[in-house]
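Could you have a look at this structure, given as structure tokens, before my questions?
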Amino acid sequence: MLGTIVKKIIGTKNDRELKRMAKLVDAINSHAEAMAQLTDGDLQHKTEAFRQAFKDGKTLDELLPEAFAVVREASTRVMGMRHFDVQMMGGISLHEGRISEMRTGEGKTLTATLPAYLNALSGEGVHVVTVNDYLAERDANWMRPLYEFLGLSVGIILSQQPTEHKRAAYAADITYGTNNEYGFDYLRDNMAFRLEDRVQRGLNYAIVDEVDSILIDEARTPLIISGPAADSSELYQAVNLLMPQLQKQEEEGEGDYFIDEKQRQVELTEAGHQKIEALLVNNQLLEQGESLYAAHNLALLHHVHAALKAHALFHIDRDYIVQDGQIVIVDEHTGRTMPGRRWSEGIHQAIEAKEGLNIQQENQTLASTTFQNYFRLYNKLSGMTGTADTEALEFRQIYGMDVVVVPTNKPMVRVDANDLVYLSLQEKFDAIVKEVTEAVAKGAPVLVGTATIEASEYLSKRLKQDKVHHEVLNAKFHQREAQIIAQAGRPGAVTIATNMAGRGTDIMLGGNPEEQIKHMETPSESEAEKIRAEWQANHDTVMKAGGLHIIGTERHESRRIDNQLRGRAGRQGDPGYTRFFLSMEDDLMRIFASDKIRNLMRSLGLENGEAIEHRWVTRAIENAQRKVEGRNFDIRKNLLEYDNVANDQRQVIYGQRDQILEAADLVNSVKGIRRDVITELVHDYMAPGSVEDQWDIPGLEKTLEAEFQCHAPVGQWLNEDNQLHIEGLIDKLVESMDEDYQRKEAEIGTEDLRKIEKHLMLQILDRHWKEHLANMDHLRQGIHLRGYAQKNPKQEYKKEAFELFQGLLNQIQHELIRVLHSLQVRRDDEVERLEQQREEEAREQAEKMKMQTVAEPGTDGSAQPQPSQQQGEQPKTMVRNGRKVGRNEPCPCGSGKKYKQCHGKIE
């Protein structure tokens, strides 16, 4: 009560925002007369003047009044459309990183030109985000004349577009595209091996159209680029057959490999290296005279290490069991089996080969993110929609964005009738058919909104039985959809549409004459005038019939979806009528309406076909919707905390990739990593603070020699110098390994070694990151079970994910130094062969790569079907297939270069 009184006295927060923006609109309007006096050339010159002013230190906020006035004047001249004052308010809130709630028909597309122009002046790019390719193309081409008149370039990104076209589109001042494509391009850029293979140039400012759909409904939909893991079944089996021929080294005796029980590691001895190379040559897995450590044989070396570990370290009925033809891991702490979990680094496949089982090829996640996490990367994010206020709390808490409800240009005269509630579905649909028939008889156009495809098909069947001509909309063909919606305002037109179908296109009363003219083959002026005259007559008929008639066949869990349907009617001050028809058998009523309402309806003695209609019932339903919205928000908020863990890790890895790609050379990085690896290794064998009797000097020497080809006499150094402490020993080892590496550099050549370092660092980082993503998936899927042990699954997930990530970073560093110090380049063309190998891998991955959005996980982190998925719809999956490209053929990216000189070249 007190809150209501205060609001009446000082106004709501939204009222205060509108008052503040009204002053800015007055400042914009004060420039109108001066702008109207300018020639076209002078008006166009303003853009360059603004850019210079920005470079000289003026802020975009300071430039806003005059810049908005320039856009409005240019739009009037070029487009024949002048921005209303309320559109100026919408533009101001978008520039300030807020969400503008603007009713359908209020001109959101034109409104977006104001902040898009202003923010493009910085030269850092503006991304306009739409829900499908059709709207991206339509809006970009519609507004292109205005932007180009003002000297700004416009780009469009579409799926299946060549890389060069995409790069050019992103380089434009203003870029239009879909949320999916922006997200996938971000992921692909973070898989690139060269800077020139990237397409995006930074995430500066985004204007998201239908922001509620993208940032709420699809917020947690994962964007995943996946591909089948390389099928190396035959190689695993072939290498497996060689392992029994290797002998374990006992103490200091002879042998081919030794086991470090403490570190749970196994390494080949010098004799073992020679023996395995001979065996590989005999089995035609390695060419005669080649080294297993040659750069292009690293994959084979990886298989040998995996097979050796499978035979020496992992034992049946201790580490794993064989169950139903599969390897099932046994938890070393609890002794319980862990179905569905797999060891990484090829060990699981090597054990499958060892036990004579089918080697499973998995679909591997190469990169992933969610819309929620992707859009939070922008320096500034804004959005517009007809329905956002009901989700204002979520926008503020998750994205830090306030919602500004922009008033309509003309007063709203739409009639929103109370809901009609029937006892059964049959009675409800009978009433809907009757309502449609009566509205058509009056000459009113009717739009019927359904929640599912099944309901729309059932209603279509009923209308056909009554011989009512109608159109059914689905979301498969955007071009067709827009045409149907454009003409859905003709007298007596009946259109059935599911939830989201047709968003982005206004329903004009009487139909859309310009759309009709556009689809005619070279219409004469007289034909065009005739169509416009027909439209005027149709428009008058529809206005007399009360405007567009909206019928909702059921309430959704979210009031926002209901408001989207209602918002179709009453555009720009037009008349309109909306009503929802419900039944006690609808999902929302069945689940959330109390038995009291059902019993009340029965006690009223309602006859067949009678409905209950009262504002109390409508209010009770809205209260039920609020509760559901609150519950869904809590679920999304809870899940975001899980997502944030993976997102933080992704930013670290992608940041490291950026540094590798952008670095001229990695000499200092490799030196730093080498010191970190040696420090960790020494501390493993000579724990800080321990006494000398606890040190394992022979183990350290053996590991240094086996893993890093470092023949350092650690024991001798310590005997010769009593003052040599652990840190001094680390310095001595690092110095020794630096000298070894310098000799290798002289042997290979500085330029070639720099290329190999960059290539290997990216390759190792990517491989371990892919394995880490799989490990995180496995952790996520089972984490909810911790709740049964009275543990907090969220805290357990964060703790274990951190441990996994620490292990990942250590593995990457360790393997990089091991491979670089073991590397042997014996032939002049070795680096070129390495490049060719990388080209082949990249091409095969691109051919098999899938871009997909998949079902979201459950509240506890486990996988579950996506609840918003409509019956009959499948998660969107885009697959790229193509024939293999020869090295001397043009690169399929569209660069015009030969394939070997483009994708895959290590620079």
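One-based numbering along the chain as shown.
Note that Cβ sites are derived from N, Cα and C of the backbone, with glycine treated the same way.
As annotated in Swiss-Prot:
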- Gln87, Gly105, Glu106, Gly107, Lys108, Thr109, Asp506: ATP binding site (BINDING)
- 834-850: compositional bias 'Basic and acidic residues' (COMPBIAS)
- 834-907: region 'Disordered' (REGION)
- 864-875: compositional bias 'Low complexity' (COMPBIAS)
- Cys891, Cys893, Cys902, His903: Zn(2+) binding site (BINDING)
- 897-907: compositional bias 'Basic residues' (COMPBIAS)
Counting only residues 6+ apart in the same chain, whose Cβ is under 8 Å from the Cβ of Glu106 (ATP binding site)?
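Set apart from Glu106 (ATP binding site) by at least 6 residues yet with Cβ under 8 Å, we have Val86, Gln87, Gly90, Val406, Thr408, Asn409, Arg571, Gln572.
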Sorted by position, what residues of the same chain at least six away from Gly105 (ATP binding site) have a C-beta under 8 A from it?
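Listed in sequence order: Asp506, Arg571, Gln572, Asp574.
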If you count Cβ atoms within 10 Å of each one, which of the binding-site residues Gln87, Thr109 comes out on top?
Gln87
Write out the long-range same-chain contacts of Gly107 (ATP binding site), meaning residues 6 or more apart in sequence whose Cβ is under 8 Å from its Cβ.
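Set apart from Gly107 (ATP binding site) by at least 6 residues yet with Cβ under 8 Å, we have Met81, His83, Phe84, Gln87.
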Including all protein chains shown, what's the count of other C-beta atoms within 10 A of the C-beta of Lys108 (ATP binding site)?
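For Lys108 (ATP binding site), the 10 Å Cβ neighbour count is 24.
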Starting from the ATP site formed by Gln87, Gly105, Glu106, Gly107, Lys108, Thr109, Asp506, give every other residue of that chain whose CB sits within 8 Å of the mean position of their CB atoms, in sequence order.
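Other same-chain residues near the ATP site: Met102, Thr104, Leu110, Thr111.
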Taking Gln87, Gly105, Glu106, Gly107, Lys108, Thr109, Asp506 as the record's ATP-binding set, what's the max Cα pairwise distance in Å, rounded to a whole number?
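Answer in Å: the longest Cα-Cα distance is 17.
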For Gly105 (ATP binding site), which of the three DSSP-derived states applies: helix, strand, or coil?
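In the DSSP reduction, Gly105 (ATP binding site) maps to coil.
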